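Chemist: Starting off with a structure, shown below.
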Amino acid sequence: MIVSFGDATTRTSEVQLVRCTQGLNLWKLHQVHAVYKRVVHDTLGADEGNALLDQILADTNLYPPWMCVLLYAFCSAMVTPYAFGGDWVNLAISFFMGLCVGSLQFILSQKSYMYSNVFEISASIVVSFCGRAFGSIPRSHICFGAVTQGSLALILPGYIILCGALELQSRSLVAGAVRMFYAIIYSLFLGFGITLGSALFGWMYHNATNEISCPQLISPWFRFLFVPAFTISISLLNQAHISQLPVMVFISCTGYVVTYWAGKHFANSTEFTAALAAFVIGVLGNLYSRIWKGLAVSAMLPAIFVQVPSGIASQNSLLSGLQSANTIVNANETITTSTSDPSSSMSFGMTMIQVCVGISVGLFASSLFVYPFGKKKTGLFSL
């Protein structure tokens, strides 16, 4: 974390680099915002506020690691049908594979610092290998693309790219450039892991599946069930309190409705669809902050997490590594896929940037729409 302290009298600034583990805790974020408002409005002293912040940092998380593993698996199961076109069988397989990835992230990575450095690559290798193995079972109706993307949806660097795009748009060039570059390399790691896992199974079983698209077997009306369920589970996974869930679910579902119908009319414009949905999400979140005095950023984040898998699914860019794996295993065989640039995993990173740039533009436009002159009494706690 890079913190800059400016001095208006001398026109100088001091930059401090704070080393801390990256994470998101929506309930503690709400508590910190409440302390901030009390200090700004002189209902609480600075020393007492500092003591409360230390107490908030020392408090344990609302949900233990084993519950986070179950929530991760449930998130993977819920995102598979509405974002990646999986059916009920793929939903069950995604839950099982989500358990494996969640165990690697919340249990093994927390115990081993060395493994945490290679978690993303190892998880993508395991998921792509197992997903292609399940998809190659004859007459199983298991879709390799759906179960693989659903299991990896929660470790996509969408939040990192979004923060980088927002910082670049607000002229924070150093922090934004660092985040964007890190997210691109992170995307390449995921693409390499998918390629390696798919190629390993292709070497072992020459009749491995090459299908990445799935027939839509579940009625679109079930999205009214899957999207709220995914929103609730990913909010709890990010340590949200139950009292925060109603507004999160409402904003998330409204944003997804905009994404769904905008995607019908702008099928080849992922960033424009993301910008429209982000604008609606930002307007609702900022109105929640302005009228009901809530915390906009915590109410909007789960809705943004819903948008990222939808944008990735529109181009199947996460599975661009499958074509590379087929090229490695079957050097003389030509296989056609639906990806826009299947020979390179860079297409995945570019799709992530397109989606997140669209989201950042929509969020800035929504803040300008609700707060055209900014907030005078306190800071704007929004995205």
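Yeah, the Cβs are placed from backbone N, Cα and C, and that goes for glycine too.
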Chemist: Any idea if Ser4 and Asn238 are on the same membrane side according to Swiss-Prot?
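Modeler: Yes - Swiss-Prot names the same topological domain for Ser4 as for Asn238.
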Chemist: Grab the same-chain neighbours of the topological domain 'Cytoplasmic' (163-180) for me: Cβ-Cβ under 8 Å, and only residues 6 or more beyond its ends, written as numbers and ranges.
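Modeler: For the topological domain 'Cytoplasmic' (163-180), the far contacts come to 2, 353, 356-357, 359-361, 363-364, 383.
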Chemist: So which of 181-201, 217-237, 272-292 has the most C-beta pairs under 8 Å when paired with the transmembrane segment (142-162)?
Modeler: 181-201
Chemist: Below 8 Å between Cβ atoms, which of the listed ranges 118-138, 217-237, 272-292 makes the most pairs with the transmembrane segment (181-201)?
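Modeler: Between the candidates 118-138, 217-237, 272-292, the best contact partner of the transmembrane segment (181-201) is 118-138.
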Chemist: Hey, which bits of the same chain come close to the transmembrane segment (217-237), Cβ under 8 Å, at least six residues off its ends?
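Modeler: Apart from its flanks, the transmembrane segment (217-237) reaches 26, 63, 68, 71-72, 74-75, 78-79, 81-82, 86-88, 141, 154, 244-245, 248-249, 252-253, 256, 260, 302-303, 305-306.
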